[in-house]
Amino acid sequence: TLYSFLYVLRLNEGSNTGINIDERKKMERENFTIWSIFFLEGFSQYPRLEVVLFVFSLVMYLATLLGNSTLILITILDSRLKTPMYLFLGNLSFMDICYTSASIPTLLVNLLSSQKTIILSGCAVQMYLSLAMGSTECVLLAVMAYDRYVAICNPLRYSIIMNRCVCARMATVSWVTGCLTALLETSLALQIPLCGNLIDHFTCEILAVLKLACTSSLLVNTIMLVVSILLLPIPMLLICISYIFILSTILRISSAEGRNKAFSTCGAHLTVVILYYGAALSMYLKPSSSKAQKIDKIISLLYGVLTPMLNPVIYSLRNKEVKDAMKKLLGKIPLHQTHEHL
């Protein structure tokens, strides 16, 4: 008999938290069960590695919060950074904070806990936030590529094309697209009957949850495929087209200084794109297997903690404006009245 984990378990959620391994296996053999609690396998097969992963994840999470919060702060406080690129960068930093905060705190608790559990509502929220922030970032990276295309290929009309109203609309479209597609995917995933409550992942990642499905749902699989294509290959194609035109324009610049400045403004964004889409494509557009699931957990961990931490670092290393703004924020240099930028 099929069952769904949308309904409330007959037993109290609080009493379910004490379910041991034998009881869990017995529950999985029952003909009809409605889960309100899930067990995250995570890295429990490697207990010695869990302490190392805890330290690594904690350091990366704190660095992510510090780096991205600082980047958001300086884009708000520094008048020189009131440009479209930094508006989008502030949104990207906020997404990274939300994305990591959706899963890393739970991961940190479970790495030190003998019973790695999460309730239904927590699993649903975690799944939705991860999907929403990831999907929004896919669209936003394409928007940022278009911004760099206009700045380099059509600099005289940049301020007209990328005015404040247009930038606000583009950022809003990114958020709405990501949040709505995540709502659709999460809603469908929560309606699928599951034949178990042991998730072979350290978070309620949607593909790991769908592996527990009693039967394959053509509707859900089709929607997942369509959304993956819309939010992964298509934005990546638009980014590639933008950079083809950007590279063509840069190569026609006569001065070496001009070429270096153009490359520096695009290098950070291109690096982030490669890191982000490389990990995302490796997880969502490949055949499914038990061995691949183990690799997925490693990639997902790096994708979840390392990439958001690196984003502010990448955008700061070769960006004089950001470095000067950070120094000014720390009181190391006096306020500049003017600053030339694209």
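Backbone N, Cα and C atoms are what each Cβ position is placed from, and that goes for glycine too.
Bear in mind that the values here come from a model prediction, so they are computed numbers and not experimental data.
Database features (TrEMBL):
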| type | residues | note |
| --- | --- | --- |
| DOMAIN | 67-315 | domain 'G-protein coupled receptors family 1 profile' |
| TRANSMEM | 51-74 | transmembrane segment |
| TRANSMEM | 86-112 | transmembrane segment |
| TRANSMEM | 118-146 | transmembrane segment |
| TRANSMEM | 166-184 | transmembrane segment |
| TRANSMEM | 223-250 | transmembrane segment |
| TRANSMEM | 262-285 | transmembrane segment |
| TRANSMEM | 297-317 | transmembrane segment |
Selected stretch (most C-beta pairs under 8 A with the transmembrane segment (223-250)) from 51-74, 166-184, 297-317: 166-184
Contact between the transmembrane segment (297-317) and the transmembrane segment (51-74) (at least 3 Cβ pairs under 8 Å, separation 6+): yes
Rounded mean pLDDT for the residues that make up the domain 'G-protein coupled receptors family 1 profile' (67-315): 84
Residue numbers, six or more beyond the limits of the transmembrane segment (118-146), whose CB comes under 8 Å of its CB atoms: 5, 13, 35-38, 40, 85, 88-89, 91-92, 95-96, 98-99, 102-103, 106, 170-171, 173-175, 177-179, 181-183, 185-186, 189-190, 203-206, 209, 227, 231-232, 235-236, 238-239, 242-243, 269, 272-273, 276-277, 280
Surrounding residues of the transmembrane segment (51-74) on its own chain - C-beta under 8 Å, 6+ positions past either end: 43, 81, 89-90, 93-94, 96-97, 100, 104-105, 107-108, 111-112, 301, 305-306, 308-309, 311-313, 315-316, 322, 325-326, 329
